[in-house]
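These come from TrEMBL:
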BINDING   124, 187, 219, 250, 393  UTP binding site
BINDING   220  substrate binding site
């Protein structure tokens, strides 16, 4: 009895104890943030205050929530009509007045990321991906082509981060004569926190020099608050704009789709959707992508980080969860304004652990833009072709988009008609190719890949001009060896290993 009594007392006490700890942490955080704010110049105070207020809310929720944020038992398959096949949307055709529909659209690109994972300095959007064109060049070309073709005025909005804002603004001058109005606004700037103490590692507001690692942009879920706070949301609504099409700037498949836009503006049942998420069928390569489920009678995006450990394998199963989120989203501007003013946008917190250069373990609290789907009315998923999801995260992806698998027309990449099947080859380049400059040095020209199924390259390998790759090709240079694929070589269903120099032929 005494043991049971002690256990019951300790359990009752532990929840009270946890509450006391939480309150102490929040108080300590407030003290530290006030100290940081006190270092701001007068012209920075308003902006910094907004950022730190937003961070405080996120930190409060982080302390309240424990464990995975979904109850696995409540997850259900989405109802049939809540995810529509793209073919059905396309079959409705287009109205005669497509220009008037286009004039209500704004294209928003998420441009907060740096090219560090590919060994580049500066914004990722300024990496050259095709014929010297960068991601940003291709985006501007696409929208300019739309505006010229339909005599419309679709603007481009870039959500920058404090990491990308200066470099992006410098480069925007080169588009001053293009037929696209370009606006920018900045994501918030939040303090990284020490994993042990749960306090900010920043001591003042500056974010240059040794302070660069103290701050981070808090994920693309920050778009709603930042867009609203920038004043740009209200300006665009005043201009008669009704929807934004949001996508990652490194997804080269995310072009404006007139059929989806028409479905939004002229819904078949007369009831407009406030939020549309483009999803596409999973392959084995996409097992970690977030998926759409039905949860408490709402469409809900579930990410792998929210899944209880015991169910991760089930979540990754291609047979149970067949689709994943492409992060191509269509959202009503009026709905963003309404929900933002009511503080009613609910997104799960993503806790992103990082180790800084000096070895310090920190965490950054983030949110994802698609997670807000459950806060909007009449949401819809559209199952789009895989061609609308063409992200370039690595040099392996870069090889695909630079190759003859794709042709480029007015900023848009389309799969070559000469490719006999619609899937892209699986390409795995080893760490010798990770950095863009190393990758470019190893290819004298991009190989012919029209008939390629699978390519694995490992070790010190270079490719001469006009190489053709077909079927399954595996090239492995062992440690200390080097393989030079000679100019004009045809490799079809070949495994090449060992030490092969051009001089040996």
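Each Cβ is built from the backbone N, Cα and C atoms, and glycine gets one as well.
Known features from TrEMBL, placed on the structure.
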residue	record	Cβ neighbours (10 Å)
124	UTP binding site	24
187	UTP binding site	27
219	UTP binding site	24
220	substrate binding site	24
250	UTP binding site	22
393	UTP binding site	14
Completion exercise
binding-site residues near residue 220 (substrate binding site): from 187, 250, 393, Cα within 10 Å gives 187
Practice task
Would you mind pulling the longest C-alpha to C-alpha span across 124, 187, 219, 250, 393, which the record has binding UTP, in angstrom?
Solution key: 21
